[in-house]
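Let me begin by presenting the structure, written as structure tokens, before commenting on it.
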Amino acid sequence: MGDIEEMPPVVKERFPETWGQLALFTQFLADEGEKRGLIGPRELPRLWSRHILNCTAINEFIPEGATVADIGSGAGLPGVVLAITRPDVHVTLVEPMERRIEWLYDVTEVINLENAWIVRARAEELHDQDEFQVVTARAVAALDKLMRWTMPLVADGGKLLALKGERAKEEVDAALKVRRKFKVASTSVVEVPSLVPDESPTNVVIVER
């Protein structure tokens, strides 16, 4: 196992009440993630800057006390990070794969995460069952496909927040038909500056109903 990136000082500054829990999760992910097939060994030296803090880019777009569904939670990115850094929100971690579900249960127990619930399902299986004020996703699928899976879960007045890479605007353009199908109110790409120096900003695609 490679060396894990040290926790950047900004973590304590930005999350003074929850940084300890966030550090515990990050260390647990570093210790177990590679063995469980959740992260690659090359990710350890940039675990904080590229992954953990990257996930916090969505926080500012989530209303206080919101109900959130994180689709394809996998390693807990961004769902677990969100639940830790925003203890006011209620996060449902949606994941279809059994081994990842087991991981999420282990995580919530180890770090004593009380505002997250785990559901083993595909997003499509929750259509017509649940609605959320916010739906989040990171590295799940291209935006057009992701919207087909997730928009039926977004309540009226709610939003989809998708963490995307450099092709975010291209994905938005390619999803024109799907955006029309769901009659979305607006779609935008917001560049959120990184919390650490020399890291690229994070693209957050915001699709509002």
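Cβ from N, Cα, C; glycine included.
No curator has checked TrEMBL annotations; they are predicted automatically.
TrEMBL names Gly72, Leu77, Ala123, Glu124 for binding S-adenosyl-L-methionine. Of Arg50, Arg138, the residue it gives for the same site is Arg138. Counting only same-chain residues six or more apart in sequence, the Cβ atoms lying under 8 angstroms from the Cβ of Gly72 (S-adenosyl-L-methionine binding site) belong to Val94, Glu95, Pro96, Ala123, Ala137, Arg138, Ala139, Val140, Ala141.
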